[in-house]
Amino acid sequence: MTERGASPEDPWVKVEYAYSDNSLDPGLFVESTRKGSVVSRANSIGSTSASSVPNTDDEDSDYHQESYKESYKDRRRRAHTQAEQKRRDAIKRGYDDLQTIVPTCQQQDFSIGSQKLSKAIVLQKTIDYIQFLHKEKKKQEEEVSTLRKDVMALKIMKVNYEQIVKAHQDNPHEGEDQVSDQVKFNVFQGIMDSLFQSFNASISMASFQELSACVFSWIEEHCKPQVRGGGGHCSGPGAQAISREAGSSF
């Protein structure tokens, strides 16, 4: 017996009708068999299609991993590009500063024209300028050493002249009545004549530079007081003139 509410199109109901009352209805049996095979085939197709669905979770994980690798490579590439650009900018600023600081880089070279100086030329001009500065520094150090010696000599002369002035201040009227003005003039004239003779023999007027060098050399040689060791007597043309005029006057 069939249950109430069952659809007459249900294949299993038709099979039950086919076998009811010990009678076999061939038409119903064939139809129910055909529909049952269709249902079983649909179920098998559904199970096959369900089993063939890919594992979407694994694929999503692989996709995200590949995306992370690509983004990491992109970040490294961008960082490397930025670092290289900074390095190039620093080198360019360094060469620009050298061209601004080094005077020879600012002078126009007619062999190059208005073209921009290459890095090799900038470096070579910088090296030459540094060598020039080293030479100038050495020359100035030698000049400073010479000036220090001159200062020391002038200090010694200052002390001696101060002692002479002090001696005259202690005895202001000593020897005034013994030496006349004529004698003083004769002594001065003798000194000047001797100095002029040596000056005339030592000076060259070819150029101002040569004249200056000769004057300084003549002053160093003839205008410094010279004292003989032990005797305390002055020597030189000035001293000889003083002795000669003093001997003829007294």
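Count begins at 1; order follows the chain as displayed.
Glycine residues also receive a Cβ, built from the backbone N, Cα and C atoms like all the rest.
Residues 130-157 are the range that TrEMBL records as coiled coil, among 102-129, 130-157, 186-213. When pLDDT is averaged over the coiled coil (130-157), the result is 94.
Residue counts for the compositional bias 'Basic and acidic residues' (81-91) under DSSP, split into helix (H, G, I), strand (E, B) and coil, are 11 helix, 0 strand, 0 coil. The residues of the domain 'BHLH' (75-133), classed with DSSP into helix (H, G, I), strand (E, B) and coil, number 46 helix, 0 strand, 13 coil.
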